[in-house]
Ligand code: SF4
Ligand code: FES
């Protein structure tokens, strides 16, 4: 039941649920969008609670469930959870690193009705890939995993997060996707949240590199029409307009953390003062329609200028709230990735400056690391 409060914008049903089943992961990617404070195994939701959440998601109108993490196959109950998706008619997408226990569980996941696999690849050259992912011998495991996915007849998407450490390999990623038999490739320039924000100077490419990567993708799209679909996510800091982050706040997606907090996007916890409800206390429907976090930036009423009077406000919904907070110091500000933001020129200059410097070492993603953002500059100060 949609319990709308007067003046509160109506919420269409969410399309997708990102189920962050665990933050445990054998890889340690420095661009990970998970929070710096990662949830520990002892606090993870149990199987029955996840199954109840999936049931509530289905009743709410969710169509796609992204089984993610961390590494979702690190959970012993991943097959049961996937089966619940299938029983409920939810389209299940396993977002995996393909290492650790992923291969040993794949047949069982297929048998219970897994619909799709999205496999991350950190690089093309094995040495480079394993340096980025922080795990030796990961590359052969990924290749073996991908071969098994294709052998089973499951649709395979490769996800490559692009940054200055692998941007020279964009053409290689495309060749790799074709060789592996993937149906889709995501060439996703790093979005700077979570660990990626901490590592921004180590990851930021320069504008010429970005332009060249776009040119390579566009040429490949033409060449591989009908064979491989390539999705391109351009880097915010060099963009003209921001993306509609998470499809717009509280419009399409719900993100459930390993401990059951429900977020409108993966970085929402960085915004101070927001109250996140937990699936152990509230139904998903209550959370979607009425929780303070989901209603905070839904619609357009909260917008300030220039978004408030901009004709793109219902296209990109003002960009990313978390990025606005990080860069402008105000989650309700126009995302500084937008060229209409008064801070845009500073943000662009920051990217240019960082890309020109020698990259610092990666700060690898680790549970219990006490890492805090080391960035000193704030463009709003
Ligand atoms: Fe989008 Fe706001 Fe920029 Fe307009 S001003 S393009 S609504 S971010
Ligand atoms: Fe939170 Fe973009 S990551 S709104």
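Using N, Cα and C of the backbone, Cβ positions are placed for all residues, glycine too.
Those TrEMBL annotations? Automatic predictions, nothing curated.
In TrEMBL this protein carries:
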BINDING   25, 29, 32  [4Fe-4S] cluster binding site
DOMAIN    11-223  domain 'Radical SAM core'
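Apart from 25, 29, 32, the residues listed for [4Fe-4S] cluster, the same chain places the Cβ atoms of 27, 28, 31, 34, 70, 97, 133, 195, 365 within 8 Å of the centroid of those Cβ atoms. Long-range Cβ contacts of residue 32 ([4Fe-4S] cluster binding site) within its own chain (separation 6+, distance under 8 Å): 194, 195, 196, 365. According to its DSSP assignment, residue 29 ([4Fe-4S] cluster binding site) is coil.
Under 8 Å, Cβ to Cβ, and six or more positions away along its own chain, residue 25 ([4Fe-4S] cluster binding site) finds 69, 70, 71, 74, 97, 365. Sequence-distant neighbours of residue 29 ([4Fe-4S] cluster binding site): residues of the same chain at least 6 apart with a C-beta under 8 Å from its C-beta are 120, 122, 132, 133, 134, 161, 195, 364, 365.
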